[in-house]
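Shown next, in structure tokens, is the structure this report addresses.
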Amino acid sequence: MRSLLLLAPLAWLLLVQAKDDAKLEDNLLVLTVATKETEGFRRFKRSAQFFNYKIQSLGLGEDWSVDGGPAAAGGGQKVRLLKKALEKHADKEDLVILFVDSYDVVFASGPRELLKKFQQAKSQVVFSAEEHIYPDRRLEAKYPTVPDGKRFLGSGGFIGYAPSLSKLVAEWEGQDSDSDQLFYTKIFLNPEKREQINISLDHRCRIFQNLDGALDEVVLKFEMGHVRARNLAYDTLPVVVHGNGPTKLQLNYLGNYIPRFWTFETGCTVCDEGLRSLKGIGDEALPTVLVGVFIEQPTPFLSLFFLRLLRLRYPQKQMRLFIHNQERHHKLQVEQFLAEHGSEYQSVKLVGPEVRMANADARNMGADLCRQDQTCTYYFSVDADVALTEPNSLRLLIEQNKNVIAPLMTRHGRLWSNFWGGLSADGYYARSEDYVDIVQGRRVGVWNVPYISNIYLIKGSALRAELQNVDLFHYSKLDSDMSFCANVRQQEVFMFLTNRHTFGHLLSLDNYQTTHLHNDLWEVFSNPEDWKEKYIHENYTKALAGKLVETPCPDVYWFPIFTEAACDELVEEMEHYGQWSLGDNKDNRIQGGYENVPTIDIHMNQITFEREWHKFLVEYIAPMTEKLYPGYYTRAQFDLAFVVRYKPDEQPSLMPHHDASTFTVNIALNRVGEDYEGGGCRFLRYNCSVRAPRKGWALLHPGRLTHYHEGLPTTKGTRYIAVSFVDP
């Protein structure tokens, strides 16, 4: 009982303290200037609402008198608006007013901490402090020296009692284009006025953190489900973070986290805010999308690109198509796609290589087609080196409801991606602290970034408003992608990147050859995922799991390996090369120049395909071999790999023989009954034949010693097989 009696006064004191704190917070008002609702302003409001700040915005709907908005040089308009707003608060002695910019400011903590730090400053007015003097460097000598901290006044944020702030701005009679910072600086540098109003600077960034001149000092601090900006130089946790001018990009980075928009405990807490759901909307009511396709250089797997475009789960009748093809190499592929599928789209516009339109001009044309059409709701720009493997990609991007958004795309096995997390001082790539985590999926969310490329979705309304008078793809001497991002940033439009889903990947174009008939066959090293999709049978993984492997003869295994495209292109490549052997024993292509069991064939090394074929054997045949012949390990070495051609009037069959291999792979490249009649393989020791080889299926059997075999006669048409003597 005595303990309870002792605790009662303590509880009463805590209750009184809480009431006093609440009363104190009620006497705090945040004033800011925002002439229009930009994305930066909405971010500011969201962080303020998170901490329950009371905000009053000044100047909404008013024209800004200086180009560049409220954060630009000038700023006298802000003083005028503040002076007028303070008229009704001038006699409120208990009212504390925080005045901050809004487009480039976020709150990192709440009113209680703000007011506590303000009271500890023991001043009537506290200004933010900066590393550099601005705008008049001649005034530097007049500034009081400080033993530790930032020396110079910053006008982007200050806090004070209402009567003192009224005195501060009472003398303002300048123009809207005059400098607010110079006005406040001259008052501060006047010792009499500084003492009369009782003005101090937040030298150690306890309240205000100006990022300009302090980028190396500020890091993110993750703590108990919250995120703060920490100043390493002074070991302080600022309440207000301000990133004006060139430091806006760093503020965008910090704003991805502060105050609790992404944490390690919660992940992204705001990714589902403001979504535009497309569920339940009929096809005819879906937004109209203009898809801009850009083929700017020789690109592998263009057929797959168009196939993935067709697979998008979005009605073609709500899509318009604009294609810029700069490459004659792809002219027939583009025309074939449009001939087969162009009528499925609402409209089609093609600019081919004969027009010779520059990359940037073509991209501007695509954006203009949407900008100038009020019915165009979205512009979806996609480069041909994008492998868009998620069929719901377009819907997912639309639902995220951002002005500009890109899906994360990376190159296979590399950190190369379609976004930059930061920019260097000269505007080029710089790796942000979170770049690798975002690329590798350890941090998942929707990220405000300074650079995107290759694929992005833009709202038509943004093209007709914030971006309406912008030559989007020209900027100084920059490439079109960097020009686009620089222009968008300049218009204060945020560019977002989402890695909430696996959308696809980027192709590597570095080593793409155009000297063959079917150049994609050579891409097994550079673009292995796409090579597999195009050339490896869809049921190969089932075969690897043992579900689709047949045994037509003892120790002879039969399983799917190649797609129709792989078979057809390999045959066409060989016929295009055309230098078939004569089918006699003399053969200068092999060591010794003598072939004991000759065929009419072309070796893989004759078409410079030996290295790629070995990669195929290692990646797809070796795993099957090791599964089917337990205890055997192979690196799939070979001396001979070739395509054989059988014709009734040329070489219809092959005599009984042993192969010079530990095991042999024999892949049927065309279809019995359609392309030829007869054919097959007979294993004499077992009196067992495979008479109807399936196109794209491989026969795998031991070579020397046990499996003595012959090629059965082809009686009509032409039969092709791909043969490899592995581990000779």
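Here the Cβ of each residue, glycine as well, is placed from N, Cα and C on the backbone.
Swiss-Prot names His657, Asp659 for binding Fe cation. Of His614, His709, the residue it gives for the same site is His709. Closest to His709 (Fe cation binding site) by Cα-Cα distance, out of the recorded positions Asn198, Asn687, Arg719, is Asn687.
Per-residue confidence over the domain 'Fe2OG dioxygenase' (637-728) averages out at a pLDDT of 94. With a 10 A radius on its CB, Asn198 (N-linked glycosylation site) counts 16 other CB atoms from all the protein chains.
The residues of the domain 'Fe2OG dioxygenase' (637-728), classed with DSSP into helix (H, G, I), strand (E, B) and coil, number 3 helix, 52 strand, 37 coil. Of all the recorded positions listed here (Asn198, Asn539, His657, Asp659, Arg719), His657 has the Cα closest to the Cα of Asn687 (N-linked glycosylation site). For Asn539 (N-linked glycosylation site), the same-chain residues 6+ apart in sequence whose C-beta sits under 8 angstroms from its C-beta are Leu548, Pro560. Cα of His657 (Fe cation binding site) to Cα of Arg719 (active site): a span of 19 Å. If you take the C-beta of Asp659 (Fe cation binding site) and look for same-chain residues 6 or more apart in sequence within under 8 angstroms, you find Gly703, Arg704, His707, Phe725. Taking the Cβ of Arg719 (active site) as reference, residues of its chain lying under 8 Å away and at least six apart in sequence are, in sequence order, Arg645, Tyr646, Lys647, Asn670, Val672, Asp675, Tyr676, Gly678, Gly679.
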